[in-house]
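Taken from Swiss-Prot, the feature topological domain 'Extracellular' applies to 1-36, 97-110, 174-202, 275-286. Residues annotated as N-linked glycosylation site in Swiss-Prot, with sequence analysis given as evidence: 2, 15. Here Swiss-Prot flags 37-61, 74-96, 111-133, 153-173, 203-224, 253-274, 287-308 as transmembrane segment. Here Swiss-Prot flags 62-73, 134-152, 225-252, 309-353 as topological domain 'Cytoplasmic'. Residues or ranges marked as disulfide bond by Swiss-Prot on the basis of sequence analysis: 110-187. What Swiss-Prot records for 296 is N6-(retinylidene)lysine, and it gives similarity to another entry as the kind of evidence. Swiss-Prot lists 330-353 with the feature region 'Disordered'. For 336-353, the entry in Swiss-Prot reads compositional bias 'Low complexity'.
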């Protein structure tokens with residue numbers, strides 16, 4: 001084995017030289033230079049500095065403006081809430097541990113930090129699944145003129161948290177475990193060992209199949225069918241121009257969110273799967289650290305995409321920030337068809353704003 005395994009950790013560094021130490025008790029500067037830990041701390045500070053206000057503002061603006069409280073927006077707000085959990089209970093801890101060069105808070109806090117990081121990522125993924133299903137039902141109409149209402153949205157939100165907990169909670173109760181990963185200043189599921197006391201192998205297989213592959217199969221199926229339906233509707237002119245434009249705007253926004261998730265999380269999942277299937281092989285600490293920390297940027301892109309692509313929300317946000325006035329003078333009633341209320345329509349024309 002080219003690493004050092006302890007009771008609650010695995011350091012990707014052989015202890016033949018006697019340098020390897022517990023990541024809960026000693027700085028891990030033998031894994032990487034101190035400036036790299038400082039760079040990670042600065043990066044986490046940036047994510048906190050931007051991620052908290054952007055996600056909090058998304059929630060606050062929606063509460064302030066009743067017109068934004070549409071069924072589809074419930075799912076988008078769910079994403080913002082999950083991101084806030086990651087920022088408050090994950091990023092703050094990781095920033096401090098990076099500043100110290102090791103996980104100073106001990107194994108219990110490592111489990112908590114790993115839990116919230118996994119929970120936030122899974123809520124985001126399953127929220128994208130719900131959005132994909134909603135787009136598929138509304139546009140492809142496999143259930144006829146189905147209306148996606150508040151009850152369905154609430155059920156969708158509850159579903160995302162149930163599935164996320166089904167992924168994030170098992171390591172807390174003995175099925176696998178959370179340990180420091182990479183440069184040992186952030187925590188995640190144990191992909192590194194086959195410790196029989198924790199059944200890591202079965203958990204990792206379960207997580208990759210149920211909580212990674214299945215969601216993406218659903219997402220790609222829904223958007224594949226959706227693309228065909230949109231092309232057919234455009235060719236047959238079955239919907240009004242405003243309806244088609246409205247549905248396309250919302251769909252484009254959700255597709256961008258899916259692409260953003262792929263860009264952020266696929267590198268991490270790929271490296272984790274490689275480590276799991278090549279346990280004991282030689283790899284550097286930064287090999288897992290870079291994709292793990294890059295995945296944390298997912299807390300930023302969803303609200304940014306939402307703000308940039310939804311003119312009605314953008315106008316409401318500007319009005320809130322400017323104490324009830326919009327200096328840009330944009331008329332919300334003439335806003336782009338990006339209004340997310342289109343999710344509640346069937347075959348009736350869609351108001352562009």
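Note that Cβ sites are derived from N, Cα and C of the backbone, with glycine treated the same way.
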- Result, the transmembrane segment (153-173) in contact with the transmembrane segment (74-96) (3+ CB pairs under 8 Å): yes
- Query: What counts of helix, strand and coil residues does DSSP assign across the topological domain 'Extracellular' (97-110)?
  - Reply: 9 helix, 0 strand, 5 coil
- Listed stretches 37-61, 111-133, 203-224, 287-308 vs the transmembrane segment (253-274), most Cβ pairs under 8 Å: range 287-308
- Query: Among 37-61, 111-133, 203-224, which stretch has the highest count of C-beta pairs below 8 Å with the transmembrane segment (287-308)?
  - Reply: 37-61
- Which three-state DSSP class does residue 187 (disulfide bond) fall into? strand
- Task: Taking helix as H, G and I and strand as E and B in DSSP, count the residues of the topological domain 'Cytoplasmic' (134-152) in helix, strand and coil.
- Result: 10 helix, 0 strand, 9 coil
- Secondary structure composition of the topological domain 'Extracellular' (275-286) [DSSP: H/G/I, E/B, coil]: 5 helix, 0 strand, 7 coil
- Surrounding residues of the topological domain 'Extracellular' (174-202) on its own chain - C-beta under 8 Å, 6+ positions past either end: 3, 5, 8-12, 23-24, 28, 31-32, 36-37, 40, 94, 97-98, 100-103, 110-111, 113-115, 117-118, 272-273, 275-276, 279, 285-290, 292-293
- Task: May I ask for the residues of the chain that lie six or more residues beyond the topological domain 'Extracellular' (275-286) and have a Cβ under 8 Å from a Cβ within it?
- Result: 1-3, 12-13, 28, 31-32, 36, 182-184, 191-194, 204
- Intrachain neighbours beyond the topological domain 'Extracellular' (97-110), with Cβ under 8 angstroms and 6 or more residues off its ends: 8-9, 23-29, 34, 37-38, 40-41, 44, 178-180, 184-187
- Query: Using DSSP, how many residues of the topological domain 'Cytoplasmic' (62-73) fall into helix, strand and coil, respectively?
  - Reply: 9 helix, 0 strand, 3 coil
- Task: Check the topological domain 'Cytoplasmic' (225-252) for me and report the mean pLDDT.
- Result: 69
- Query: Around residue 187 (disulfide bond), how many other C-beta atoms are within 10 angstroms of its C-beta?
  - Reply: 34
